[in-house]
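S.K.: The phosphoenolpyruvate binding site annotation in Swiss-Prot covers K22, N23 and rests on sequence analysis. Feature annotation from Swiss-Prot assigns UDP-N-acetyl-alpha-D-glucosamine binding site to R94, D309, V331. Summarising the annotation, Swiss-Prot assigns active site, proton donor to D119.
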Amino acid sequence: MPGIKVFGETVLRGSVRVSGAKNATTKLLVASLLSDQRTILKNVPNIEDVRQTVDLCRVLGAIVEWDQQAQVIEIHTPRILLSKVPPQFSCVNRIPILLLGALLRRCPYGIFVPILGGDAIGPRTLHFHLEGLKKLGAEIVISDEGYWASAPNGLVGAHITLPYPSVGATENLILASVGAQGRTIIKNAALEVEIIDLIVFLQKAGMEITTDNDKTIEIFGCQDFYSVEHSIIPDKIEAASFGMAAVVSQGRIFVEQARHEHMIPFLKVLRSIGGGFSVHENGIEFFYDKPLKGGVLLETDVHPGFITDWQQPFAVLLSQSEGCSVIHETVHENRLGYLKGLVKMGAHCDLFHECLSAKSCRYSTGNHPHSAVIHGPTPLQATDLVIPDLRAGFAYVMAALITEGGASWIENTEMLDRGYTDWRGKLERLGAKVLARDSVSVYV
């Protein structure tokens, strides 16, 4: 299992350039499969999830040229070669499920996707995806092996209301609807900035898509697609991650390309606990300004709320903030398990199955530990940790950097490769001492 040794008592200083958004890039690659036209994507992050998606597209028939130095991908899929996704792709992440929507136009007699993998943060049901596709006219068969979708008579526009504004379901239904006949209206849709980026991409390809402020997306199906050149938005999760690392280490980092308009809920909560930042034309500078004050309720939500991927690194900040703070995770029912690692380091965290908030969430009646109370500030001690998922991984690295002496062993670091371009190199250039397993003996 890949691992690193992270030394504590580290103050991070310098600048870092945020990469293109993981959650936009992978979906845009899938969207390129909608037609046989050429697509050029710029600002492409060199991360494992993108590499896996590129490999998946190639297996399906795409011709891909990736200039990693220039961060540019050119992709062209003259025809779809496979109707069944190889199982090795579904065990890594959840991207393959979007092929049900994206490929039904080109593979009307069926596309099969095996049971999915991804982060261990809860089941993340596909019910919203599948029911929405059925309303568009798709025939769905579910087995122990996976999901089979077909539309031998083609897809037809429909009115769809999602029970919950699921990001994945919204993306899947957009991809299916652009190839359907007539008009589709998706109500209670997710409108994260990555989804808006997908919509902009599809508009460039000739699609007629509009959105409004009440979470409604209107799509007119089209059979003619244009070639597209598109620059991917910066990754708001990576930007916030390095911002939190700056504050918790009592340092100062300028995060180049960070867009404050994509991060307003995060910046608001960061300011409320005393974290410092200043917005510039080409990025955001984050810095330690004064002792952090807790006593906040951190409640995750869909856009325009505080997104769930910011929650785990923010817990490290709360462990160093004076007072009692509450986390209420409303997006994924099993995303607080990583707190065991912080407790092992000395943090005071208590898990609860109840909704510790003025409002109840969809997990209020289940037996899910989705709320937590964190007391701070608490000195953290170096220890051995195993990363359970991508964002928890960055939280563990942040925590290890501020331990009082010693060094922490952190294993399963390939999780970080999924979502952070050159994360180790960036941290080292900011002053961190991060050693791979094969070089540790030099420093022991």
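Including glycine, each Cβ sits where the backbone N, Cα and C put it.
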S.K.: Tell me the Cβ contacts of V331 (UDP-N-acetyl-alpha-D-glucosamine binding site) under 8 Å, same chain only and six or more apart in sequence, or just say none.
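M.R.: In sequence order, T300, D301, V302, I307, T308 meet the Cβ cut-off.
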S.K.: Could you tell me the C-alpha distance between D309 (UDP-N-acetyl-alpha-D-glucosamine binding site) and N23 (phosphoenolpyruvate binding site) in angstrom, no decimals?
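M.R.: The Cα atom of D309 (UDP-N-acetyl-alpha-D-glucosamine binding site) is 11 Å away from the Cα atom of N23 (phosphoenolpyruvate binding site).
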S.K.: Counting every protein chain present, what is the number of Cβ atoms, excluding its own, within 10 Å of the Cβ of N23 (phosphoenolpyruvate binding site)?
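M.R.: I get 22 for this one.
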S.K.: Which one of these binding-site residues has the most other Cβ atoms within 10 Å of its own Cβ: K22, R94?
M.R.: K22
S.K.: Cα of R94 (UDP-N-acetyl-alpha-D-glucosamine binding site) to Cα of K22 (phosphoenolpyruvate binding site): how many Å, rounded?
M.R.: 13
S.K.: Is it possible to get the count of other C-beta atoms within 10 angstroms of the C-beta of D309 (UDP-N-acetyl-alpha-D-glucosamine binding site)?
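M.R.: Around the Cβ of D309 (UDP-N-acetyl-alpha-D-glucosamine binding site), 26 other Cβ atoms lie within 10 Å.
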